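Feature list (source: Swiss-Prot):
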- 25-45: transmembrane segment (TRANSMEM)
- 47-67: transmembrane segment (TRANSMEM)
- 95-115: transmembrane segment (TRANSMEM)
- 119-139: transmembrane segment (TRANSMEM)
- 147-167: transmembrane segment (TRANSMEM)
- 173-193: transmembrane segment (TRANSMEM)
- 217-237: transmembrane segment (TRANSMEM)
- 243-263: transmembrane segment (TRANSMEM)
- 279-299: transmembrane segment (TRANSMEM)
Amino acid sequence: MATLLSTERPRTGWRDYMELTKPKVVVLMLITSLVGMFLATRAGVAWSVLLFGNLGIGLCAGGAAVVNHVVDRRIDALMARTHKRPLAQGRVAPLPALAFALLLAVMGLALLLAFTNTLTAWLTLASLLGYAVLYTGFLKRATPQNIVIGGLAGAAPPLLGWVAVSGHVSAEPLLLVLIIFAWTPPHFWALAIHRKAEYEKADIPMLPVTHGEHYTALHILLYTLILLAVSLLPYAIHMSGPLYLACALALGLRFLHWAWVLYRGTRPHAAIKTFKYSIGYLFALFIALLVDHYLLLNL
């Protein structure tokens, strides 16, 4: 009886499937998508586009996250940060997880086709495939520049939100994509330094594993400088006003401070503190864009 119980697959619950979608990551993506929608127009955003457009983008992002869990299940089982994930622990089997991912993606694309436009659906599909297939299936295990090349897929949500409202691609949403693209390397490399031993154990060629922590910290510092410069471009092209400029400078200089601390190696736990700050940074920067947009409209 004891042997039977020990070999039994753990029970699967709805929370396991919810965890597979990486809801915290999806929420941050949807914030940038929402901002993209509101920045695309001087009028209000139609409630159907706002609700179903973001739901469609979120479902597709969740589907891509599920594929990531399936492909990475053996790696996840080796890492302290991820070993309790549903697939790593066997609470969800790979085939049901893939079926769930397909269902989410189909539902998401159907909503985008029904309530936004064809271009949004195509761009969302490209983003989904870029993350689930190109990054997860190939780049993550192939090169220490994995998150630089694959980061474009994760940077797409503000473009998707903008196109859902406007129906076309323009320079402004591409600039928002560029901000997230520049933000991605310092964000993930800071975590990779903190979790270097785990990535090494799982044989993932993250930059700290292949080139060392000091080299990685230098590149975090350089990318943070690039991010600071790029984050000022919305003001430079008159997309935003003085409020955004002040917020971008304050947030960016604080990010630069943490990148410098990490590079100097003078404080313990600087890597994880830099990683955590980067999350708040992106959230605050996009909220500043949104608030500034409506202030400009009322002037």
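Glycine too: its Cβ is placed from the backbone N, Cα and C atoms.
With Cβ pairs under 8 Å as the measure, the transmembrane segment (119-139) is packed most heavily against 47-67, out of 25-45, 47-67, 173-193, 243-263. Where the transmembrane segment (25-45) meets the stretches 95-115, 147-167, 173-193, 279-299, the count of C-beta pairs under 8 angstroms peaks at 147-167. Where the transmembrane segment (173-193) meets the stretches 47-67, 95-115, 147-167, 243-263, 279-299, the count of C-beta pairs under 8 angstroms peaks at 147-167. Here the transmembrane segment (95-115) has long-range neighbours at 12, 17, 20-21, 48-49, 52-53, 55-64, 66-67, 69-70, 86-87, 121, 124-125, 128, 132, 164, meaning same-chain residues at least 6 beyond its ends whose C-beta is under 8 angstroms from one of its own. Within its own chain, the transmembrane segment (47-67) is flanked in space by residues 20-23, 25-26, 29-30, 33-34, 37, 97-98, 100-105, 107-112, 114-116, 120-121, 124-125, 127-128, 131-133, 136, 153, 157, 160-161, 164-165, which lie at least six positions past its ends and keep a Cβ under 8 Å from the stretch.
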